[in-house]
Amino acid sequence: MQTPTFPSDFLWGVSTSAFQIEGAVDEDGRGPSTWDTFTATPGKIAGGEHARVAADHYHRYREDVALMAALGVGAYRLSIAWPRIQPDGKGAANPAGLGFYDRLIDELADAGITPMITLYHWDTPQALEDAGGWLSRDTAERFGDYAAIVGERFADRVNLWIPLNEPMVTSIYGYAIGQYAPGHFMLLDAIPTAHHQHLAHGLAVQALRAAGAKTVGTANNHGPIWPASDSAADVEAARQLDALVNRLYADPVLLGSYPEEYAGHLPDGYAADLPTIAQPLDFYGVNYYEPQVAAAPSEGNPLTFDLRPVEGYPMTNNDSPIVPDAFRELLVGMRERYGDALPPIHITENGCSFPDVVGDDGRVRDPERVAFLRDHLSALREAMDAGVDVRGYFVWSLLDNFEWSKGYAPRFGLVHVDFETQVRTPKDSFGWYRDVVRGHRAR
Ligand code: FCB
């Protein structure tokens, strides 16, 4: 299959996040985050791995920007670590924390790469978690203050802004089922954390715009939900899961309303916050990995659905089924549901992990990743041909990195990282993506 072509002004990029690559967790006044606490808790991370060094990007950012320059991408999606800027999550900014991102943004500018900045990719300052974290409305207010600090410092040099990455993952994995920091097991009692993150988003959009930010969006993880069968009970279960993982996150931001299925679990008085939450956005970031299958709940399940494996597709080593056509289905479905309320889309994450190794000849052969990216770009092109307005595509990820509770085994990078030596080796997929980007630049 040929790689499809995209408009000449299409934005090609790569994504990372602070906690997954930076390391240097005790340097230059950074405070502890929920993920430092979580990784230090026995039994939470595969193999007891931690991110105290990760890909050592804090010290090697120049080398990593040079890699991006060689790749030819026009944009780089990174996240700022809140605990570097406000070590306790409130109060005056830590100049050394701002200084790191200053240097990184300047380095990117010199390389002609536009930064897309995420303010929060899950690393909550531990002091805020101790005061209730996302269960507390105050965390949203604190986030608004943090957004103002960062906006005032960088709005002149950063064009693309995302307040929070994937609030669904924080609510569900972090608070409902405890697989991610902060590790609570609250099931549906976790739903107020979604509302407080939405409020944080709205307050941050206001603060960023007040600071002069031009292009502000969001980034949510979405995937189509398929019923296990045509039975009415399975179809209803799929609708329930769709409300919980997709609509609970897109509707408040885009439509200013909550799906009725879970509204009963929201904090009292939530409706008064909806106008703040539904700020007009310049783009909507979609992170796509996979579809999910739901069936009617089995006996004793307190939820309204069972999850079933998605069968019949090849899998990544992160247990994700590889289903490019579900990417097209998702985007076309979003366009149908949200219509003109949906701003232009950036694909802010898409990628896959395999146990990539450096061969004796120094090469990393990852044909599965090349096929994955090519097939997902084809599905994206089909969605665009069907009328979905997509402006950019960011591969997750530039580098192999710390994949949360799975540690370092899932390798998502276009660049292989040897975590013993920190040697970076561009994989075959790096060369492939470089040629795709170059080919479009030359058009
Ligand atoms: C997304 C996260 C990102 C990474 C990828 C694989 O949900 O935003 O940090 O872990 O999954």
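Any Cβ shown, glycine's included, is placed from N, Cα and C.
According to TrEMBL, the protein has these features:
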type	residues	note
BINDING	Gln20, His121, Asn165, Tyr289, Trp396, Glu403, Trp404	substrate binding site
ACT_SITE	Glu166	active site, proton donor
ACT_SITE	Glu349	active site, nucleophile
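Here the features listed in TrEMBL are placed on the structure.
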residue: Gln20; record: substrate binding site; Cβ neighbours (10 Å): 25
residue: His121; record: substrate binding site; Cβ neighbours (10 Å): 25
residue: Asn165; record: substrate binding site; Cβ neighbours (10 Å): 25
residue: Glu166; record: active site, proton donor; Cβ neighbours (10 Å): 24
residue: Tyr289; record: substrate binding site; Cβ neighbours (10 Å): 21
residue: Glu349; record: active site, nucleophile; Cβ neighbours (10 Å): 25
residue: Trp396; record: substrate binding site; Cβ neighbours (10 Å): 24
residue: Glu403; record: substrate binding site; Cβ neighbours (10 Å): 19
residue: Trp404; record: substrate binding site; Cβ neighbours (10 Å): 23
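Calculated from their C-alpha atoms, the gap between Glu166 (active site, proton donor) and Gln20 (substrate binding site) amounts to 15 Å. In this record, substrate is bound by Gln20, His121, Asn165, Tyr289, Trp396, Glu403, Trp404; the longest C-alpha to C-alpha distance in that set is 18 Å. Other residues of the chain with a Cβ within 8 Å of the Cβ centroid of Gln20, His121, Asn165, Tyr289, Trp396, Glu403, Trp404, the substrate site, are Ser17, Glu349, Ser397, Asn401, Phe412. Closest in space to Glu349 (active site, nucleophile), of the binding-site residues given as Gln20, Asn165, Glu403, Trp404, is Asn165, taking the CA atom of each residue. Reduced to three states, the DSSP call for His121 (substrate binding site) is coil.
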